[in-house]
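Undergrad: Okay, so TrEMBL annotates it like this:
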TRANSMEM  118-139  transmembrane segment
TRANSMEM  170-190  transmembrane segment
TRANSMEM  202-221  transmembrane segment
TRANSMEM  343-363  transmembrane segment
TRANSMEM  383-407  transmembrane segment
TRANSMEM  419-437  transmembrane segment
TRANSMEM  443-463  transmembrane segment
TRANSMEM  475-495  transmembrane segment
TRANSMEM  501-518  transmembrane segment
Amino acid sequence: MGGELCAKLGTGLCKRFGKSWTKMERGLNDAVSKSFLGRYFKLEARKSCFTKELRAGLATFLTMAYIITVNATIIADSGGTCSVADCSVPANQTASPDCMLKPNAGYQSCLSRTKSDLIVATVLSAMIGSMAMGILANLPLGLAPGMGPNAYLAYNLVGFHGAGSMSYQTALAVVLVEGCVFLAISAFGLRAKLARLMPHSIRLASAAGIGLFIAFVGLQVHQGIGLVGPDTSTLVTVTACTSTNPETGECLGGKMRSPKFWLGSVGFLITSYGLMKEIKGSMMYGILFVTIVSWFRGTSVTYFPRTPEGDSNHKYFKKVVDFHKIQSTVGVFSFSEFNKSEVWIALATLFYVDVLATTGTLYTMAEIGGFVDEKGSFEGEYLAYIADAGSTIVGSVLGVSPIATYVESSAGIREGGRTGLTAVVVGLCFFTSLFFTPLLSSVPAWAIGPSLIMVGVMMMKVVKDINWQNMKEGVPAFITILLMPLTYSIANGIIGGIGLYIALGLYDFLAGLIQWLFKMRRMVVKEQNQVSATTIADPAIEII
């Protein structure tokens with residue numbers, strides 16, 4: 001690429017370098033294409049080459065790398081394996097459960113370790129999933145923990161700092177069981193059929209509702225930029241305050257004066273402008289800007305305040321390169337709560353969200369890449385479903401939410417990625433990031449918030465495909481979208497939308513049933529009249 005540019009710009013030495021570079025690149029591509037690697041990934045058959053696949057893999061990684069810190073931050077909000085026992089209390093005193101919801105040095109230290117564990121878990125699951133997709137299915141698709149399922153696990157199942165209906169350990173057991181079921185239906189070829197059972201309008205509305213839910217999380221103070229917060233009279237209100245109540249989160253003064261909010265807003269504008277101009281990696285640039293500014297100490301937006309916790313975080317941050325070993329999230333399953341109805345509702349909801357989201361995204365990416373044939377299938381489809389589902393099982397073992405195919409894979413496809421070599425490059429890029437845990441774990445919430453809001457923007461695109469003129473489709477779709485952020489539950493939105501769709505469909509069903517009964521009655525009466533007429537016309541029948 002550099003050689004081609006040089007060849008176009010000048011003559012002499014630069015031109016000779018350009019020709020030499022182009023010749024070297026062509027020789028490398030020819031050598032790789034004829035090697036075992038090239039034959040396995042079918043580079044020539046798919047009209048691709050090694051350098052093109054390399055650029056495609058880097059483009060895909062750059063656009064989806066934000067998930068490393070975003071996913072870890074979201075799941076860490078559940079508290080992970082941290083409990084009351086990790087809270088620091090004065091001597092001869094016992095910690096109360098509310099220490100997990102108030103500022104507490106011991107609990108915050110545990111959360112910091114958990115976030116580092118989850119960063120490594122996110123990277124490993126994305127690396128394994130992407131490489132499995134590339135090697136097994138030979139498709140240029142990147143995989144990582146899905147946005148939506150991670151929010152559902154953190155805020156609906158476990159709850160903020162463990163305030164939900166089940167423990168983190170039980171939630172991971174639910175993900176494990178869901179992954180096994182997901183793998184089974186993929187192996188038996190039932191995945192696409194199950195996805196079609198849900199009404200089309202509800203499927204689209206679920207994506208939009210999850211997007212709003214994620215954006216709402218990004219607007220809050222604990223998980224995002226802090227624009228909205230609680231209010232005693234209106235439930236939620238505009239905050240972005242200079243100071244808030246540490247227990248309730250209510251504004252104590254200085255609305256719209258929070259420096260962290262304004263810094264996060266600049267990051268959001270950077271991301272928005274980059275996406276508007278179709279600049280690759282735009283989701284990362286906003287996060288990088290806000291994060292780097294927040295790394296300077298002695299400012300009102302610093303991530304390392306002059307506190308014991310801030311000093312500890314800064315000490316770890318200065319290592320820059322470090323391999324962090326997962327300590328608390330691997331294999332911490334618990335099946336003790338599987339006798340509760342909430343667990344089975346969570347399993348069904350997570351399963352169906354996973355079926356809809358991952359199957360739809362995988363098929364869409366295959367269409368964008370031009371892999372889908374006239375019969376609606378594509379090469380490697382079966383193994384792609386297997387790799388996708390199997391990665392969820394791996395993710396649950398590591399401690400993260402279900403793994404999904406990422407729409408950001410389209411960035412690599414646009415760069416010319418046509419084989420699984422692109423996905424392998426994505427996996428290798430994730431592997432490299434394993435050694436920068438100190439930097440990745442020092443990304444503040446107000447840097448993550450803008451990206452969550454932008455994810456919501458992207459997921460709202462599907463509402464244009466809902467038939468709003470048809471009230472039977474429009475009303476359930478609207479209720480699905482509305483309930484997810486307002487009830488803080490993805491499950492409530494899906495259940496409400498499907499329930500209303502069934503209720504509205506009962507009229508047509510009953511009307512059709514009554515019409516069918518009247519039709520059957522007329523046919524029976526007609527048959528009876530024909531039998532009577534035949535009997536009267538043929539006296540022999542009476543003699544018999």
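Note that Cβ sites are derived from N, Cα and C of the backbone, with glycine treated the same way.
Because the structure is a prediction, the values reported are computed rather than measured.
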Undergrad: Do at least three CB pairs under 8 A connect the transmembrane segment (202-221) and the transmembrane segment (383-407), leaving out pairs fewer than 6 apart in sequence?
TA: no
Undergrad: Can you name the far-off residues of the same chain, 6+ from the ends of the transmembrane segment (170-190), with a Cβ under 8 Å from a Cβ of it?
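TA: Cβ under 8 Å, 6 or more out: 78, 153, 157-158, 332-338, 343, 346-347, 350-351, 354-355, 382, 385-386, 388-390, 392-393, 395-397, 399, 401-402.
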Undergrad: Against which stretches of its own chain does the transmembrane segment (118-139) lie, if we need a Cβ under 8 Å and a gap of at least six residues from its ends?
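TA: Answer is 40-42, 64, 67-69, 71-72, 75-76, 80, 145, 324-326, 329-330, 365-366, 369, 371, 379-381, 383-384, 386-388, 390-391, 394-395, 398-400, 403, 405, 419-424, 426-428, 430-431, 433-434, 437, 440-441.
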